[in-house]
Amino acid sequence: MNEKDWLALVAVHSDSWLLSVAFYFGARFGFDKENRRRLFNMINNLPTIYEVVTGIAKKQSKEKTPNSSSKSSKPSMKVAKVPAPKDEEESGEDEGDEEEEEHDNTLCGTCGTNDGKDEFWICCDNCEKWYHGKCVKITPARAEHIKHYRCPECTNGGSNS
């Protein structure tokens, strides 16, 4: 297999993997229909790895340039922030202001603050306390591989559940 064909094959597989990861995280973080559509459109506005590797992206960008209204060649992407934790006991009737107030009252079980509302949080499956990921040294990527998270207090305290 020559180098160009091999690179094209790797690019196609990479595109497939990236799409699956993007939509997995969309599902994992509870994207609604509109957010999934927005993610899909953002992905489709960018060239695929295959298109970049094979040079198709350059041809397409030349064709689209006269119709393009933006002067910047770099696409602007907005990163979705991880939502602040929710209590499962919410009735869901008055979402909005009441939900925001409840998030404001959620305190980290380690540091006792509610700073970093737009940062990653994780909930202990045993005691149901919420923690900043950075306070318990858990990244979002690592959390994806944890089936049942137990906070340091529950792990060290030997609480049974």
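Positions of Cβ are set from backbone N, Cα and C atoms, glycine also.
Nobody curates TrEMBL annotations by hand; they come from automatic prediction.
A quick note: this is a predicted structure, and the numbers were derived from the prediction, not measured.
The following features are taken from TrEMBL:
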{"type": "REGION", "residues": "57-108", "note": "region 'Disordered'"}
{"type": "COMPBIAS", "residues": "66-81", "note": "compositional bias 'Low complexity'"}
{"type": "COMPBIAS", "residues": "87-103", "note": "compositional bias 'Acidic residues'"}
{"type": "DOMAIN", "residues": "105-157", "note": "domain 'PHD-type'"}
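Taking the domain 'PHD-type' (105-157) as a whole, pLDDT averages 87 in the prediction. Assigned with DSSP, the residues of the domain 'PHD-type' (105-157) fall into helix, strand and coil as follows: 11 helix, 6 strand, 36 coil.
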